[in-house]
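*Asks:* Sharing a structure below in structure tokens format, with a few things to ask.
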Amino acid sequence: MAVVHRILRRGLSAASPLPSLRGLLLVSPQELGRRPASSSSSAAAAAGDVEAELRAAREDVRQLLKSNPCHPILVRLGWHDAGTYDKNITEWPKCGGANGSLRFGVELVHAANKGLLKALFLVIPIKSKYAGVTYADIFQLASATAIEEAGGPKIPMIYGRADVADGEECPPEGRLPAADPPSPAEHLREVFYRMGLSDKEIVALSGAHTLGRARPERSGWGKPETKYTENGPGAPGGQSWTSEWLKFDNSYFKEIKERRDEDLLVLPTDAVLFEDSSFKIHAEKYAEDQDAFFEDYAEAHAKLSNLGAKFDPPKGISLE
């Protein structure tokens, strides 16, 4: 873990020179925990071992969340690893997606990933305990568990994702959503359609902004602090989308629709959910019906978490 501590002290930024960061791994190769190839006779036993490790890792994430209100950044970690997927590229891992590539410095310095080094620092100690759990899996497990522990729906997850081997396999910058594009609706569709997601899934996934805050020093958006964030929990400051920003519910849609509180954040890509006719159908529904939102969100989150993933075994590993 010495490499992690050294990086945290030094810091990473979008301005860091890529030649010195390209291919940078946050842990040593010995800690990678990549599963060796197994014969058919031992595959079932190996899968059973991995399942047990995944269950233990999930419990560790739950314990982390009890002591550290880091739900939002863990959700973001899983999303940003998976959200680089391009359905038009068939070759793995060039297609991007949930493949653990976000652990490399060359991808961490993408502007959209600013601040995610802190999330890696939270999950790497858990990952390092379980040799059979990949980075791709721990990122998605942490994300789904954070949603559930914040009061959200149970996500129908599967595991067994393969990791990319090095930073040379990271996706190019620019595949993740921006907060203030010239045409918000067009931008959201360009990004999410590239992943193979629908208008309904765009709106449902946007509802995860019920968790967390925007910080101007990271994204350029949000107030330095508000009455909802000035005292934490966790590090104080930033501007949240909802008043209870560690609780997963449908309040994001209610607040975006009403826009009555200046202390709550509304990005252009939030506002457009009630401005675009196709998006509005779903946003209105979710503002009125939390159960419908939870059902659609769980399905969309699971779909996102599988994008671009290569599973071993091919059908994945369920913990339910």
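In case you wondered, yes, glycine gets a Cβ from its N, Cα and C as well.
Small disclaimer: the values here were computed from a predicted structure and weren't measured.
Annotations per Swiss-Prot:
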type     : residues               : note
ACT_SITE : His80                  : active site, proton acceptor
BINDING  : His209                 : heme b binding site
BINDING  : Thr210, Thr242, Asp249 : K(+) binding site
COMPBIAS : 214-228                : compositional bias 'Basic and acidic residues'
REGION   : 213-241                : region 'Disordered'
SITE     : Arg76                  : site 'Transition state stabilizer'
TRANSIT  : 1-42                   : transit peptide
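I'm curious about the neighbourhood of these features; can you describe it?
*Replies:* Over all protein chains present, the Cβ of His80 (active site, proton acceptor) has 21 other Cβ atoms lying within 10 Å.
Around the Cβ of His209 (heme b binding site), the same chain contributes Trp241, Thr242, Tyr252, Asp270, each under 8 angstroms and 6 or more positions distant in sequence.
Other Cβ atoms within 10 Å of the Cβ of Thr210 (K(+) binding site) number 28 in total over all chains.
Panel annotation: around the compositional bias 'Basic and acidic residues' (214-228), residues 114-115, 179-180, 236-240, 243, 245, 263-265, 267 of the same chain, lying at least six beyond its termini, place a Cβ under 8 Å from a Cβ of the stretch.
DSSP classifies Arg76 (site 'Transition state stabilizer') as helix under the three-state reduction.
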*Asks:* Work out how many Å separate Asp249 (K(+) binding site) and His80 (active site, proton acceptor) at their Cα atoms, rounded off.
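*Replies:* That comes out at 21 Å between the alpha carbons.
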*Asks:* CB neighbours of Arg76 (site 'Transition state stabilizer') within 10 A?
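*Replies:* Excluding its own Cβ, the number within 10 Å is 21.
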*Asks:* For the region 'Disordered' (213-241), how many residues does DSSP put in helix, in strand and in coil?
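*Replies:* Secondary-structure breakdown of the region 'Disordered' (213-241): 4 helix, 4 strand, 21 coil.
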*Asks:* Which whole-number value in Å describes the distance between the Cα atoms of Thr210 (K(+) binding site) and His80 (active site, proton acceptor)?
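*Replies:* One finds 17 Å between the Cα atoms of these residues.
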*Asks:* With DSSP assignments reduced to helix, strand and coil, which class does His209 (heme b binding site) get?
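*Replies:* Going by the DSSP assignment, His209 (heme b binding site) falls within a helical segment, counted as helix.
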*Asks:* Within 10 Å of the Cβ of Thr242 (K(+) binding site), how many other Cβ atoms can you find? Include all protein chains, please.
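*Replies:* Other Cβ atoms found within 10 Å: 25.
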